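To keep things clear, I will list the structure first and then write my remarks on it.
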Protein chains: 2
Amino acid sequence: MNTDLEIARSVQLRPIQEVAQKLNVPADELELYGKYKAKLPLHLIEESRWKKSKLILVSAISPTPAGEGKTTVSIGLSEGLNRNGHQTCVVLREPSLGPVFGIKGGATGGGWSQVLPMEDINLHFTGDFSAIEKAHNLLAALIDNNLQSKTRSLGIDPRTVLWKRVLDMNDRALRQVVIGLGGTASGVPRETGFDITAASEIMAILCLAKDRKDLKERLGNIFVGFTFDKQPIYARDLNAQGAMAALLKDAIQPNLVQTIEGNPAIIHGGPFANIAQGTNSVIATRMGLSLADYVVTEAGFGFDLGAEKFFDIKCQSAGLSPRAVVLVATIRALKYHGGVALSDLKENNPEAVRAGLPNLEKHLENIGLFGIPAVVAINRFAGDSDEEVAIVQQRATELGVEAVVADGWAEGGGGTTQLAEAVVEAIDRSEGDFRPLYDWDLPVEEKIATVAAKIYGAKAIDYTAKAKADLRKIAGLGLDKLPVCIAKTQKSLSDNPKLLGRPKDFVVTVREIEIAAGAGFLIPITGNIMRMPGLPAEPAAEHIDIDAEGNITGLF
Amino acid sequence: MNTDLEIARSVQLRPIQEVAQKLNVPADELELYGKYKAKLPLHLIEESRWKKSKLILVSAISPTPAGEGKTTVSIGLSEGLNRNGHQTCVVLREPSLGPVFGIKGGATGGGWSQVLPMEDINLHFTGDFSAIEKAHNLLAALIDNNLQSKTRSLGIDPRTVLWKRVLDMNDRALRQVVIGLGGTASGVPRETGFDITAASEIMAILCLAKDRKDLKERLGNIFVGFTFDKQPIYARDLNAQGAMAALLKDAIQPNLVQTIEGNPAIIHGGPFANIAQGTNSVIATRMGLSLADYVVTEAGFGFDLGAEKFFDIKCQSAGLSPRAVVLVATIRALKYHGGVALSDLKENNPEAVRAGLPNLEKHLENIGLFGIPAVVAINRFAGDSDEEVAIVQQRATELGVEAVVADGWAEGGGGTTQLAEAVVEAIDRSEGDFRPLYDWDLPVEEKIATVAAKIYGAKAIDYTAKAKADLRKIAGLGLDKLPVCIAKTQKSLSDNPKLLGRPKDFVVTVREIEIAAGAGFLIPITGNIMRMPGLPAEPAAEHIDIDAEGNITGLF
């Protein structure tokens, strides 16, 4: 069997100008980055067009170690739609560099459903993550510089500064650090830490900004901490937003690349799906919809995390009206939810599939809450038995939903035309009456309760003393009208990662509530959130290499 | 008066393909980064050509707060040479991003001698610094990951690890930090710090590497520290070099941009000139020489620092034979060396100019040690009196050197044709018998003594106990055949920044000797070296802004 990298290498890439033609973008509009990558100018976004085109969200059941393949299905589906004659662009997140050197390889799809050039996209790409990292760390440097200042001090209490630094690297030793050591010339000693760049609030901001003006305003709104007099300090108090926005001059423009079959793919931004909105940028989505009749996009983790935030935060903020959800499931993942051990997932086990179905069912119910039609995509793996597949399809039919086998991994667009057809039919049948789950103007606790009860299936919410204090702080800052971006484990519908399938009668505990005033949401934390991964005992980095001609190996 | 940014904006940029034509590089060889930047493929380097073309080094007298303007003169000189009909390419260092947000603006020349597009070059450019930063920090993460490892531990003693992390940001609070806090899951607590990216050994390595193979070998040779059993650990022991080289896939390729007059400029790499070789990459220099008849390049700080390293490390390592040195001086800087206070430099003061000449004279003597002809460029400032200029020219004539007024800042190439002519004449008159100052095979102490006595004018060298221990360590590791890259203040020919002019009878104290085994040199440290600058009380960042259309202001 070929590796993803071998498959990627076997494909003759088209000049990116040819790919742009499929979106009717003239070559001279492109800001080229080599021959196969380009940035798109923001003036190509047209409201009259993006409001009319059809937005399809690819989401998934609760993730398992077996893997579900949302990105692969998203890319495959866009190939299928294009094969069926529907002008389609897939719009995805940019992969994070750090994890490439850890366990997994890249995040550009797999098999015959990939976006290319995969080495570039998985490494520095067009520098967006680096720009975000620099903008983030500039604010940190300005904060510590103000702590050091005698003449222009804002009186910031260093113990209240929540703004950390970021690096796009799996580097656990940086999670908790003490900086400012070495005497009076080298800053004020204080505790802080580093997150991975994808976890930066700047990433969330860039991906929610509608244009450069909105970007700068959001950057200025970043909440930094308090003065010794308990007054809030925002990034604008440090005059940081102009320079930060200047650093993001190019990063705000979406990137155009191609799929294996030479179709357009826009890749832009990559925020986390627990502490942030987990989806590509508003600008990229609007760009895709401005240039193509259909846009396929995805949101991180399961429907309860990425998709809920996609709808309630991104779509509500940006006025997007998604037309369909493709819910990705695999036979293996369903068996895992049905109680089968990871090592036994390859064995035929129809009963386990049946036992895992309640997880799928709950996510389908949740999709219904948003008024959008759903299609189940069974992402095919070698070894899935016909009987197992039939069980899923039968149950879906009982629920009034079509479940289609997708085999974009092995067959590219040829394996997804049926799925594409089902999606187009679902869109054509529905009225397109997307509605978000809650109103942003509701009290914070009510917003949390709505998501926890309706989406997760919780019977109650518990708040720690810290979380209650945070609620008061948020009210005091006048930030209680922001939507809630609940940080929860992706492994379970509940906040307990061990509860597979469809947990019931559980209580969700809100431990604290963070403020992302720049991004424009609150982050109720319901568990341990990893913002800076570590490397494994044998890092993938040890096997990555490049030859004298510049050919990279070991990326997958 | 127009600011540099206003002048830059007033120029109609040419498509980079047109600029490449002046170097006879076909458009399809370019890796475009937007319309005005491109990376050049390494196969354009041709030994038969680069050995024949003429390399001109621009250096300067000992720097003063008045500013000397090496980059401006380098760019201006290349315009002048092109105007005189000599096919010329200027080859420069990339500016560091961090300082852009501190006191100074960019580092892309000034007035009518600039390289463009200046906003891009001063910000992220083509991502080279970011790539270097990532490669550097990947090695750091792999080291800390090994400290954490139970199954694959190399037994590294964390107290011996010298490899820090880097960020391209002026951030003094990161100079000295403690990492690995937070319990057993978050690394091993240890002291370390962050340098600015330009100070990374990877930067020095990238700029000395001859090709991808050489790059990878040097990366593997990076000295990391010792095991508890006192065995040396190199980056190759962590299998880090392949992934690091992969991260540098694009960064190793030189960048082509243009001067204000539309002539080619290659900009690549930017190592410090005290702890590293302070000049652009070997690959960029060879590229320029492969594509143009004349190459103008510069080395950091004064002749005693950047130029000495350029000759003894870079040229000796890469087989380059420079043909002339242009020594930049300003009337103001000479007056400063003559004892005038910074605030009084604008006043006519011929006697002070005369009093400052010994600094210029010593640097001219030093140039002679390398067997290369010199031309003095008096970088004109408004207010320089004819009498002051005449004093310099007369003294130069007495020393057998021509001193030419250069006014590229105010007049572009029109202000430098005379300088260009003088340089070509100097080259044509000489035999081109460049010789380095010392043989790499000499004992380390002898190499240090040669540079200190002959170049700095020291009467003796003193070694601290630490430096003596370092000499033993270096011998033990078999690294004593490496050249010496002496880190010394740039403000004086001596190691005491307060001694202006031409200090005599001083002793240079070597405090310690660092090992840059990857770059391939030793770093005797003779003073406090700042590797992570801080921001000033009122950072330039506060005045940088970008409008809704993406136009940046406040960069200068």
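Each Cβ is built from the backbone N, Cα and C atoms, and glycine gets one as well.
TrEMBL entries are annotated by machine, without manual review.
Keep in mind it's a predicted model, so treat the numbers as computed, not measured.
Annotation note: B:K70 (ATP binding site) sits in a helical segment as assigned by DSSP. Summarising the annotation, TrEMBL assigns ATP binding site to B:T64, B:P65, B:A66, B:G67, B:E68, B:G69, B:K70, B:T71.
Here the Cβ of B:E68 (ATP binding site) has 23 other Cβ atoms within 10 Å, regardless of which shown protein chain they belong to. Long-range C-beta contacts of B:T71 (ATP binding site), restricted to its own chain and to partners at least six residues apart, with a cutoff below 8 Å, comprise B:L92, B:A107, B:T108, B:G109, B:G110, B:E298.
With the fewest other C-beta atoms within 10 Å around its C-beta, B:P65 stands out among the binding-site residues B:P65, B:G67, B:G69. Taking Cβ-Cβ distances under 8 Å and a sequence separation of 6 or more, the neighbours of B:K70 (ATP binding site) in its chain are B:V58, B:S59, B:A60, B:E298, B:V328. Of all Cβ atoms in the protein chains displayed, 23 besides its own lie within 10 Å of the Cβ of B:T64 (ATP binding site).
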